[in-house]
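Written out below as structure tokens is the structure these notes cover.
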Amino acid sequence: MSEAQKLIIFDTTLRDGEQSPGASMDRDEKVAIARMLERMRVDVIEAGFAIASPGDFESVQAVATAVKDSTVCSLSRALDKDIERAAEALKPAARGRIHTFIATSPIHMKFKLQMEPDKVIEQAVRAVKKARSLIDDVEFSCEDAGRSELDFLCRIIEQVIDAGARTINIPDTVGYAMPRQYGETIRQLIERIPNSDKAIFSVHCHNDLGLAVANSLDAVMAGARQVECTINGLGERAGNASLEEIVMAVRTRKDFFPVYTDIDTTHIVPTSKLVSRVTGFPVQPNKAIVGNNAFAHESGIHQDGMLKNRETYEIMRAEDVGWSTNRMVLGKHSGRNAFKSHLAELGVLFASEAELNAAFARFKELADKKHDIFDDDLLAIAKDSQQLHVAESVKLVSLNVHSETGEQPTAKIVLNINGEEKRAESQGNGPVDAAFRAINALIQEAPTVSVQEYTVNAVTQGMDSQVEVNVRVEHDNHIVTGHGADLDILVASAKAYLHALNTLSTVESRLHPHVH
Ligand SMILES: CC(=O)SCCNC(=O)CCNC(=O)[C@H](O)C(C)(C)COP(=O)(O)OP(=O)(O)OC[C@H]1O[C@@H](n2cnc3c(N)ncnc32)[C@H](O)[C@@H]1OP(=O)(O)O
Ligand SMILES: CC(C)C(=O)C(=O)O
């Protein structure tokens, strides 16, 4: 593609992004983000508003010193003192830009600036000339262009281009524009302004109606060749157009957009994470490109499709935007193929279809009860299910434990012993002791088995974690350890104890289940 088809990416995370209430960043944090943006090959980094405060001045200066490959820009009102301060802060820049602006909508001119439209044009022209006297690269913005009159925009833009502005930005400051209408405005401006070919038209859209990206892209179709945007869509009120969405839309739909960007997209996710960490603004999980779920697949039909061909459900590659990989999330909507494939990645191979089915059934039961299923949960299930065939003569059917302050706990247990259901009830010093005694009541030689160690581990973090219980038992100089996993600590304990007894019975071929 030709140079005329290059879409300039202007990142304003450090300026408009910082205008998100609560998102302020200190100088070093801004430099760290600016370096990431430079590595990503962002064309222009708006580092701040130099006159806003000494801190902002220092930040613009520090970014201008640190960054060499991207243009560094400072915002300024259409006032000499702002422009001089911006130029001063940008002195160390290899490439500096002054971005000066004034509002052009009737409501802003009348109530905020309290200026006649002709005076606004005069001030804009003076400001651009002043900026050009200090720096070559000058951008001019018509603040609230989205609510400005087209004829007035044509007049002011023609004059600021004559005054030396080389980038003309048409901001939808309050997020009022609609996609087709906004693109049409850009098209009309480029067509009607006689010297429009001397400037690059830029857009800067806010997300008040959730249309910032759509409006920006519509403007690109209409001839805009610079998009102002922010990482994670940060920005004043509902934010700005998000850089990652703009860049990936253009890249993914090369067939649709007549433009390209120079962005190295593999830096997108690390930069998003840095911005989120620095500002304390979490990224919503379903946020396009950078949300945790953006490349995660949970439902069985999707996972099955993905396993057969990734493109069945993905239009971009996770690796291309900086994720290490896409994710198959196992949850209650997942199917057997994804379950088997995920466990194979964890090194678990099922010996038979029956074993896979048993583990899959346990997984579905767990997924119904537990929100997040982690790899450790799956490994615990696999371990538990694979043990079932070690010795299945005794299986837990149900356990009911009653425990109350000041009273001895009672356990009622139902076991399946060689295909027959047997019941027992017992008290104990604690609920686990009561459960073990109830098991002992159904297995003749179990009371001669000594429990040497009993440990409980939470399999994953969180209150709804599965627990894994290990019970080490000794009988006739044989020591075995039983494992059991469940959301219920008592059920996990009973399973672990039974697993130990079953293993002993296999090892010794002597500890026969026996109904009293
Ligand atoms: C759409 C945008 O995002 S624009 C950028 C918004 N960002 C910011 O405002 C952050 C930084 N701002 C600040 O720190 C301060 O507002 C400052 C330093 C710029 C100005 O502070 P103050 O001098 O105390 O003025 P204050 O903020 O109260 O009011 C703004 C003044 O600038 C005037 N003004 C607003 N925009 C412009 C402009 N583009 N050109 C010239 N004057 C302007 C207003 O009319 C008002 O003038 P008045 O004091 O004569 O009524
Ligand atoms: C100053 C301009 C570019 C702006 O931030 C806006 O209009 O939203």
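Each residue, glycine too, has its Cβ placed from N, Cα and C.
The Mn(2+) binding site annotation in TrEMBL covers Asp16, His204, His206, Asn240. Counting only same-chain residues at least 6 apart in sequence, those with a Cβ under 8 Å from the Cβ of His206 (Mn(2+) binding site) are Pro171, Asp172, Thr173, Val174, Gly175, Ala212, Gly235, Glu236, Arg237, Ala238, Gly239, Asn240.
If you look up TrEMBL, you'll see 7-269 marked as domain 'Pyruvate carboxyltransferase'.
Here TrEMBL flags 395-516 as region 'Regulatory domain'.
Asp16 (Mn(2+) binding site) carries neither a helix nor a strand DSSP state and counts as coil.
Secondary structure at His204 (Mn(2+) binding site), taken from DSSP and collapsed to helix, strand or coil, is strand.
In the shown protein chains, 32 other C-beta atoms lie within 10 A of the C-beta of Asn240 (Mn(2+) binding site).
Under 6 Å, Cβ to nearest atom of ligand 2: this is the test, and of the binding-site residues Asp16, His204, Asn240 it is passed by Asp16, His204. When averaged over the region 'Regulatory domain' (395-516), pLDDT in the model lands at 85.
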